[in-house]
Amino acid sequence: MKDQSRLPRLSRVAVCGGTHGNELSGVYLVRELLKVKKKKKKEEEDEDGGAMSVLLVLSNPRAMQQCLRYIDTDLNRCFTHACLIGPTLDKTPYEMRRARELNAMLGPKGSAGAMDLICDLHNTTANMGLSLITYSDHDWICMHIFRHLQRQIPDTPVRYIHYDVTSKESYSLDSVGKHGFAMEVGPQPHGVVRSNIYTTMKSGVQYMLDWVHFFNSGVIFDGGFMDVFTVVKHIDYPRDGETHNITAAIHPQLQDRDFCLLRPGDPLFQTFSGETLRYTGSEPLYPFFINESAYYEKGIALCLARKRRVKIPSVRVQTEEEERQNEQRYTSEEEE
Ligand SMILES: [Zn+2]
């Protein structure tokens, strides 16, 4: 029993699409789920309501309308405390204003009133299958959801990516929730919807909601080991010193080989004059987001991660009695 975590119920879940307006699987999936929800009769909602409410959100409507990643600035970098509490002026970028609206709707970030779980839907042009991207390698809720998806979607590789933010603050939409992750599915060009990618994302969301439902109903999930990809660094394209234009593309032997181990000396880029440039790092690492189209402007040709095996405890939902005790403890701590 020592290795069991008892965690609060997940009553309020948000599924967000269109945070990047040209990542179309999430846009169409949220629209579809909204249609289904509307069709559902009131009585049915009451039947399985109670336990959990699911809020469906289209995060960046103006960017979606124009099929752009964003209008003024990347919305998914606007959820730091500094951005969220700053003054709203005429010249405040659209996405920064929208981030404050979303924080009011789904947060406020870091407060007791925030959503219990936020799943933010994204697409990538990289060959990454389905990845859950988080800021934590000890959020047992996210990690158990990942394990559930991995078991339920055997045809698609499912991976867990961890961005370590001990030195800086989390900045993405999913960080507004008490638990949260981005669900990244690819390869799919931006501005395009591919049925196989859409269907994988739809299954991912459905299995995620199933897991929350099981968890809330008291199912005990066994602990165990899982692989976590922890981001170590990014690599930019080789660039011309004067013009800053890129001078090479991802090497054909690396293209589409996301999560295949990259060893020192392996081909990395092919210059536009035909020369092969090799990986000069000293440690073998796992590449991903290889040739993501939205990252050219960020100076990222690929990301590199270390694979680690992490032990996760068994989890189950707190009983009402345990939840009451925790709330009392929380309140008395606040009063002190
Ligand atoms: Zn995205």
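Including glycine, each Cβ sits where the backbone N, Cα and C put it.
Just so you know, TrEMBL annotations never went through curation; they're auto-generated.
Per TrEMBL, the feature active site, proton donor/acceptor maps to Glu184. Of all Cβ atoms in the protein chains displayed, 25 besides its own lie within 10 Å of the Cβ of Glu184 (active site, proton donor/acceptor). DSSP assigns Glu184 (active site, proton donor/acceptor) to a strand segment in the three-state reduction.
Counting every protein chain shown, the Cβ of Glu23 (Zn(2+) binding site) has 30 other Cβ atoms within 10 Å. Per TrEMBL, Zn(2+) binding site is recorded for His20, Glu23, His122.
Summarising the annotation, TrEMBL assigns compositional bias 'Basic and acidic residues' to 325-336.
Model confidence over the domain 'Succinylglutamate desuccinylase/Aspartoacylase catalytic' (11-210) stands at 94, taken as the mean pLDDT rounded to a whole number. The domain 'Succinylglutamate desuccinylase/Aspartoacylase catalytic' annotation in TrEMBL covers 11-210.
The feature domain 'AstE/AspA barrel-sandwich hybrid' is assigned by TrEMBL to 226-307.
Per TrEMBL, the feature region 'Disordered' maps to 315-336.
Of the recorded residues, His20 (Zn(2+) binding site) and Glu184 (active site, proton donor/acceptor) place their C-alpha atoms 12 Å from one another. DSSP states for the domain 'AstE/AspA barrel-sandwich hybrid' (226-307), grouped as helix (H, G, I), strand (E, B) and coil, give 3 helix, 34 strand, 45 coil. Other than the site residues His20, Glu23, His122, same-chain residues with C-beta atoms no more than 8 angstroms from the centre of those residues' C-beta atoms, the Zn(2+) site, are Gly18, Thr19, Asn22, Gly26, Arg69, Asn76, Leu121, Asn123, Thr124, Glu184, His190, Ala294.
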